[in-house]
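To start, the structure under review is shown below, and the notes come after it.
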């Protein structure tokens with residue numbers, strides 16, 4: 001009854017189709033010569049019609065509910081492209097909103113939590129933590145900023161635009177990786193949030209209860225649309241960052257315990273490997289924003305200059321992450337050398353350590369800790385919002401189910417994962433984060449080569465399905481409404497985003513991605529696997545250099561594979 005990926009639910013681009021069934025208006029009935037056969041046919045047809053009717057009824061009810069929720073601000077729109085004429089005509093307002101998003105989303109406990117691990121897990125002194133962590137996260141910012149450029153250009157969510165690399169079917173591989181990445185962050189946020197509530201309440205709220213509370217609050221806000229998300233994030237930016245500034249002041253009375261000394265238990269080779277692994281961890285903190293970055297630029301005018309988007313994103317992620325990363329490294333280093341803080345971390349994790357840092361301010365410290373707690377909700381909202389579009393990208397009936405429903409499902413899944421892994425916070429964080437960084441590195445390299453090599457005038461003639469003539473596809477409706485907002489010389493025809501017969505098959509990107517995975521396996525250093533290259537550079541526990549080799553392996557093979565794919569298939 002429906003085309004498999006026909007969007008029948010949600011916002012302005014969605015619709016609900018009813019197919020009329022021809023009826024016989026002739027009231028004269030003819031006697032049947034084969035009454036038994038007719039009766040059987042009627043039963044079979046009735047049964048099949050009943051099943052279709054039930055499916056139709058379910059989608060109809062969801063559609064009606066979506067309309068009611070849309071009326072109160074809950075966005076029902078799915079993965080549909082935002083056309084140029086639908087976007088904002090006030091870029092200044094959009095930039096202010098997205099700056100607030102980065103300040104709130106990146107300047108919180110989610111980013112800070114990883115910097116604790118430099119001293120407390122890897123045994124690095126303050127100097128090594130700062131150098132490794134700050135350089136690693138700055139490179140990650142550069143990756144995420146480049147990936148954000150696809151938002152204004154395409155009007156598509158990050159993983160939807162990835163169809164132009166991986167094709168209709170294989171894009172689901174990277175979509176799944178993106179979903180796992182953002183949900184992994186939400187697991188971390190829930191565990192940290194639960195620890196904070198447990199510490200602030202003097203253990204009256206158990207860790208399990210705290211995880212459920214933060215998950216529920218995050219869901220309420222994540223169900224709203226992108227405009228409401230941007231407003232909420234911008235509103236939180238100032239109080240959250242002010243609370244972190246006061247954390248510097250509150251914790252400063254213990255800064256006399258800071259030390260550049262590394263753990264005495266590790267030899268030089270092991271410390272070198274730990275330095276590399278912490279570098280990869282901090283790189284992953286910021287680079288993983290690349291899997292969702294362009295989602296928050298789709299309302300920008302199409303002709304927004306790339307340089308503006310790049311530097312707003314780069315500094316928007318870099319500055320708040322550095323701000324909370326430095327204090328995270330300082331507090332972690334104190335805990336490595338000051339036993340009461342070390343005991344607090346061992347007993348109640350990151351939440352307990354933060355409570356100790358604010359302890360001298362008594363009730364005021366608890367209040368500030370709750371303000372910082374809100375930053376976890378802020379990050380969860382972003383993660384949940386973007387994960388839902390990744391699910392819809394799998395197509396079929398998943399596309400027909402509205403985003404708000406998937407928000408509920410995603411929240412339940414990461415809440416359960418947080419409850420199961422609540423007592424293994426540092427293990428989850430140190431193992432999961434670098435792996436997310438591996439795939440985003442491969443994705444970045446493939447997109448960079450696609451844009452700079454093949455999406456140029458030199459190779460445009462090879463895209464015979466995307467550009468059937470020598471001229472770019474005309475967009476008369478957009479030209480009539482907002483002719484000045486259309487980007488010239490795109491080298492992409494984003495109008496075909498939902499047409500599997502015209503977008504690439506994705507063979508080249510998928511094979512290059514697999515080569516990158518091979519490079520990651522050889523050079524990764526995790527508790528469950530240490531590759532031979534990682535062992536060679538890092539002593540007992542190896543040194544994680546998988547981000548570089550995964551990027552290199554995929555980057556070397558992609559140009560050759562892509563040229564062959566274009567010559568053979570024309571897309």
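Cβ atoms are placed via backbone N, Cα and C, with glycine included.
Unlike curated records, TrEMBL annotations are generated automatically.
If you look up TrEMBL, you'll see 1-36 marked as region 'Disordered'.
As annotated by TrEMBL, compositional bias 'Polar residues' applies to 22-33.
If you look up TrEMBL, you'll see 95-118 (among others) marked as transmembrane segment. Sequence-distant contacts of the transmembrane segment (95-118) (same chain, at least 6 residues past either end, Cβ-Cβ under 8 Å): 124, 128-129, 132-133, 185, 188-189, 192-193, 229-231, 233-237, 240-241, 244, 278, 281-282, 284-286, 289, 296-297, 308, 312-313, 316-317, 319-321, 323-329, 331-333, 335, 345, 350, 353-354, 372-373, 375-376, 378-379, 382, 426, 429-430, 433.
Under the heading transmembrane segment, TrEMBL lists 130-152 (among others).
What TrEMBL lists as transmembrane segment is 164-185 (among others). Same-chain residues lying 6+ beyond the ends of the transmembrane segment (164-185) with a Cβ under 8 Å from its Cβ atoms: 110, 158, 288, 291-292, 379, 382-384, 386-387, 390-391, 393-395, 410, 413-414, 417, 428, 432-433, 436, 439-440, 443, 446-447, 450, 492, 497, 500, 503-507, 509-510, 513.
Taken from TrEMBL, the feature transmembrane segment applies to 205-225 (among others). Below 8 angstroms of C-beta separation, residues 69, 73-75, 77, 186, 189-191, 193-198, 232, 373, 376-377, 380-381, 384-385, 404, 407-408, 411, 414-415, 418-419, 422 of the same chain, each at least six residues beyond the ends of the transmembrane segment (205-225), sit close to that stretch.
For the transmembrane segment (232-251), the residues of the chain that approach it from at least six positions outside its boundaries are 96-97, 99-101, 103-105, 107-108, 112, 221, 224, 320, 323-324, 327, 330-331, 334, 354, 357-358, 360-361, 365, 368-369, 371-372, 374-375, 378, 381-382, judged by C-beta separation under 8 angstroms. The transmembrane segment annotation in TrEMBL covers 232-251 (among others).
Counting residues 6+ beyond its ends, the transmembrane segment (275-297) has Cβ neighbours under 8 Å at 94, 98, 101, 106, 111, 114-115, 117-118, 122, 124, 128-129, 132-141, 143-152, 154, 156-159, 161, 177-178, 181-182, 185, 226, 230, 304, 309, 313, 317-318, 321, 325, 382-383, 385-386, 389, 430, 433-434, 436-437, 440-441, 443-444, 525, 537-538, 541-547 in the same chain. Taken from TrEMBL, the feature transmembrane segment covers 275-297 (among others).
Beyond the ends of the transmembrane segment (309-331), by six or more residues, the same chain brings 95, 98-99, 101-103, 106-109, 111-116, 118-119, 126, 129-130, 133-134, 137-138, 140-142, 144-146, 148-149, 151-152, 241, 244, 247-248, 251, 255, 258, 282, 285-286, 289, 293, 297, 300, 341, 353-354, 357 to within a C-beta distance below 8 angstroms of the stretch. Under the heading transmembrane segment, TrEMBL lists 309-331 (among others).
If you look up TrEMBL, you'll see 367-391 (among others) marked as transmembrane segment.
Per TrEMBL, the feature transmembrane segment maps to 403-422 (among others).
Here TrEMBL flags 428-448 (among others) as transmembrane segment.
Within the chain carrying the transmembrane segment (506-525), a Cβ under 8 angstroms from the stretch's Cβ atoms is held by residues 163, 165-171, 173-174, 273, 276-277, 434-435, 438-439, 441-443, 445-446, 450, 531-534, 538, 541-546, 548-558, 561-562, 564-565, 569, all 6 or more beyond its ends. According to TrEMBL, the feature transmembrane segment maps to 506-525 (among others).
For the transmembrane segment (545-564), same-chain residues at least 6 beyond its ends with a Cβ under 8 Å from one of its own Cβ atoms are 276, 280, 283-284, 287, 434, 437-439, 441-442, 444-446, 448-450, 453-454, 507-509, 511-513, 515-525, 531, 533-534, 537. Per TrEMBL, the feature transmembrane segment maps to 545-564 (among others).
If you look at the transmembrane segment (367-391), the same-chain residues 6 or more away from its ends with a CB under 8 A from one of its CBs are 78-79, 101, 104-105, 107-110, 157-160, 175-176, 178-179, 182-183, 185-186, 189-190, 192-193, 196-197, 199-200, 214-215, 217-219, 221-222, 226, 229, 232-233, 236, 239-240, 242-244, 246-247, 250, 291-292, 295, 354-355, 358, 361, 398, 403, 406-407, 409-411, 414.
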